[in-house]
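Inspection log for the structure reproduced underneath, given as structure tokens.
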Amino acid sequence: MNGMKWLRLPGARPTPPAAVHPGDVLAEAEALHVRLGTREVLSGVDVMARAGEVLALVGPNGAGKSTLLSALAADLPTAAGLVRVHGRPAADWSAHELALRRAVLPQSATLSFPFAVEEVVRMGRAPWAGTALEDEDDPAVATAMAATETLDFAARPFSALSGGERARVALARVLAQRASLLLLDEPTAALDLRHQELVLRICRERALAGDAVVVVLHDLGLAAAYAHRVVILSAGRAVADGPPAEIFTDRLLSDVYRQPVEVFPHPRSGEVLITPRRGS
Amino acid sequence: MTVTDKGAAPGAKAPAHEAPPVGDLPARPRRGTPWLLTAAMTALLVLLTLTSAGLGAYDISPGDVLTSIAHRAGLGGSELSRVPESVLWNVRFPRIVLALLIGASLGCAGALMQGVFGNPLAEPGVIGVSSGAAVGAVAAISFGLNFLGNWTIPAFAFVTGLGTVLLVYAMSRSGGRTEVVTLILTGIAVNAFTGALIGLFIFFADTAAVNQITFWQLGSLSAATWPKVLAVLPCAALGLAVAPLYARKLDLLSLGERPARHLGVDVERLRIVLVLVIALLTAAAVSVSGIIGFVGLVIPHLLRMAAGPGHRFLLPGSALGGAVVLLAGDLAARTVAEPAELPLGVLTALFGSPFFFWLLRRTRRRQGGWA
């Protein structure tokens with residue numbers, strides 16, 4: 001794709017990531033258009049992910065959530081507009097430099113060979129090989145596995161795990177990478193109630209520790225409870241961007257999902273609850 | 001920290017829930033197995049080399065073999081009499097070295113190919129890369145080409161082998177993955193086409209060349225000489241030296257292309273380098289000895305079962321294992337039906353194809369059918 005990348009020597013030192021301060025914009029899409037085949041999946045989206053913040057991307061199926069996440073991960077060519085990662089156009093970073101700055105959890109975790117769970121998590125440390133932070137490998141792996149409750153099956157082959165267990169191992173790998181920008185595509189899809197909460201608590205903790213977390217969610221209740229900011233996507237456009245309590249309204253959600261929706265406060269805690277309005 | 005914590009005696013342990021202690025990682029599984037396997041295979045290799053050097057139409061005792069090796073290495077010992085010395089150094093040793101080189105190339109090429117395709121059933125023979133390389137070799141033989149001297153056949157095999165890997169790779173992948181069915185069917189198509197090309201070359205070749213090709217196609221090391229060893233050596237040595245450098249990246253590639261890229265792997269570059277290495281190794285193996293199938297399938301599989309799928313052991317291990325198996329196979333091929341000699345390719349296929357069949361069944365069962 002990029003001719004310059006070929007000239008780079010394999011052993012060339014990547015630029016180490018600079019220190020991140022709360023509020024720094026770690027990923028940014030500017031008037032982003034993305035075309036997959038002939039279909040324009042994103043048409044003019046502006047989005048910012050800031051350090052210290054959990055940003056949830058929500059919207060109906062096919063709205064472009066995963067595409068936006070992939071674009072922020074620098075996976076997709078942009079038809080127009082710009083994606084910046086850590087302040088620099090995504091295309092200007094090498095694959096290795098990007099790996100030191102952002103970690104990505106794909107929607108489904110697959111593995112061609114039966115590596116043990118701990119080996120899979122350790123793969124997340126690959127970008128740091130040969131750097132000063134290589135010494136953190138063991139603590140990073142151990143912490144990530146403890147946080148995702150995957151230590152119990154550390155020695156089992158990944159292929160022998162259930163869907164939910166695989167999803168948590170994949171998340172552990174992403175956490176072990178210790179990048180300051182986390183891009184998670186539906187991390188809760190395969191998980192039970194307890195682990196859904198666990199994963200989003202981890203997201204909050206990482207944001208609190210100063211990372212930027214972007215997470216695609218289907219469950220609006222989870223988004224309302226854990227995200228600092230939500231972007232609602234509909235048909236390739238961002239139709240709302242703000243704190244969940246402000247932008248989750250009956251009208252907007254009913255409109256976007258083409259399904260009557262009711263938003264109301266929890267009688268005891270006052271948390272935002274969202275339920276579809278079913279025929280009475 | 002809470003007040004109560006502050007009051008705790010100095011040196012008291014931190015509460016268990018605070019930070020997960022680092023030492024809690026369970027022992028990594030199978031850590032010792034790779035070393036054990038390496039030692040066992042090396043021992044077997046030495047043993048087989050000595051046996052292979054001694055056994056044959058003219059038997060030489062292991063003691064004499066060692067004496068002669070020591071003499072040539074300048075470590076004392078003494079020269080044997082004229083006949084055994086000549087048998088050993090002009091017949092047996094070139095053949096042994098050739099078997100080692102080709103076995104190592106085949107084993108390593110198989111492991112690499114499975115890693116690059118992300119598919120445990122990929123193997124140069126199965127997916128048609130060996131026969132692709134064979135097309136070039138046959139073309140060179142049947143037209144009597146030798147403008148690159150000794151290296152003409154390997155060079156031709158490399159070029160057509162490379163073309164075939166690229167073709168199979170491009171045709172069998174969709175969405176960054178290679179499905180088993182697509183891969184096998186592509187292999188069938190490629191094998192059919194290369195078979196036709198080889199047939200055409202044989203049709204146009206003269207009788208002497210036809211004989212040479214037919215014998216060569218069965219896969220045999222019986223015509224081993226030092227010049228042939230030299231012909232194979234550059235391809236094999238380069239391929240075997242480069243392959244282990246990419247072990248870690250191949251591990252990451254098993255997560256899929258995108259996740260590998262997210263972890264900093266330049267996937268495009270990795271792919272191109274490894275496809276070149278695969279073509280080099282396959283060309284080395286095919287150009288002298290024809291198509292010897294299934295070594296690249298069976299060895300990496302057994303090693304993966306025993307020591308896990310990590311490529312840092314798998315790549316050199318498969319090379320070592322391939323060398324052991326091919327040397328054993330060649331020893332069997334030339335001794336079981338003495339004085340006649342079984343074609344080595346026939347022998348490996350005889351044992352390898354049932355294994356392949358079992359592997360297919362197992363993969364199918366695990367995936368719950370091919371649909």
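Even glycines carry a Cβ here, placed using N, Cα and C.
TrEMBL entries are annotated by machine, without manual review.
The region 'Disordered' annotation in TrEMBL covers B:1-28.
Annotation comment: TrEMBL describes B:1-21 as compositional bias 'Low complexity'.
Annotation source TrEMBL lists transmembrane segment at B:35-58 (among others). Residues of the same chain lying 6 or more positions beyond the ends of the transmembrane segment (B:35-58) and with a Cβ under 8 Å from any Cβ of it are 64-66, 83-84, 87-88, 91-93, 95-96, 99-100, 303, 306-307, 313, 316-317, 320-321, 323-324, 327-328, 330-331, 334-335, 338-339.
Sequence-distant contacts of the transmembrane segment (B:93-113) (same chain, six or more residues past either end, CB-CB distance under 8 Å): 45, 49, 52-53, 122-124, 127, 129, 221-222, 224-226, 228-229, 232-233, 235-236, 239-240, 243, 250, 274, 277-278, 281-282, 284-285, 288-289, 292, 295-297, 299-300, 303, 311, 314-316, 318-327, 329-330. Marked as transmembrane segment by TrEMBL: B:93-113 (among others).
What TrEMBL records for B:125-145 (among others) is transmembrane segment.
The list of residues near the transmembrane segment (B:151-171) in space but at least 6 beyond its ends in sequence, with Cβ under 8 angstroms from a Cβ of it, reads 116-117, 127-137, 139-141, 145, 183, 186-187, 190, 194, 231-232, 234-235, 271, 275-276, 278-280, 282-284, 286-288. According to TrEMBL, the feature transmembrane segment maps to B:151-171 (among others).
Annotation comment: TrEMBL describes B:183-205 (among others) as transmembrane segment. Listed as Cβ neighbours of the transmembrane segment (B:183-205) (distance under 8 Å, sequence separation of 6 or more from its ends, same chain) are residues 117, 119, 121-122, 126-129, 131-132, 134-135, 138-139, 141-143, 164, 167-168, 171-172, 213-214, 217, 360.
Under the heading transmembrane segment, TrEMBL lists B:225-247 (among others).
For the transmembrane segment (B:272-299), the residues of the chain that approach it from at least six positions outside its boundaries are 98, 101-103, 105-113, 115-116, 121, 123-126, 129-131, 133-134, 136-137, 153-158, 161-162, 165-166, 169, 216-221, 223-224, 228, 231-232, 235-236, 238-240, 242-243, 246, 250, 318, 321-322, 325-326, 344-345, 348-349, 351-353, 355-356, 359, judged by C-beta separation under 8 angstroms. The feature transmembrane segment is assigned by TrEMBL to B:272-299 (among others).
As annotated by TrEMBL, transmembrane segment applies to B:342-360 (among others). Counting same-chain residues at least six beyond the ends of the transmembrane segment (B:342-360), those with a Cβ under 8 angstroms from any Cβ of the stretch are 120-121, 126, 184, 215, 217-221, 289-295, 297-298, 301, 325-326, 329-330, 332-334, 336.
With a threshold of 8 Å between CB atoms, the same-chain residues lying at least 6 positions outside the transmembrane segment (B:125-145) that come near it are 113, 152-161, 163-165, 167-168, 172, 183-184, 186-191, 194-195, 197-198, 201-202, 204-205, 209-210, 212-213, 216-217, 278-279, 282-283, 285-287, 290-294, 296-297, 356.
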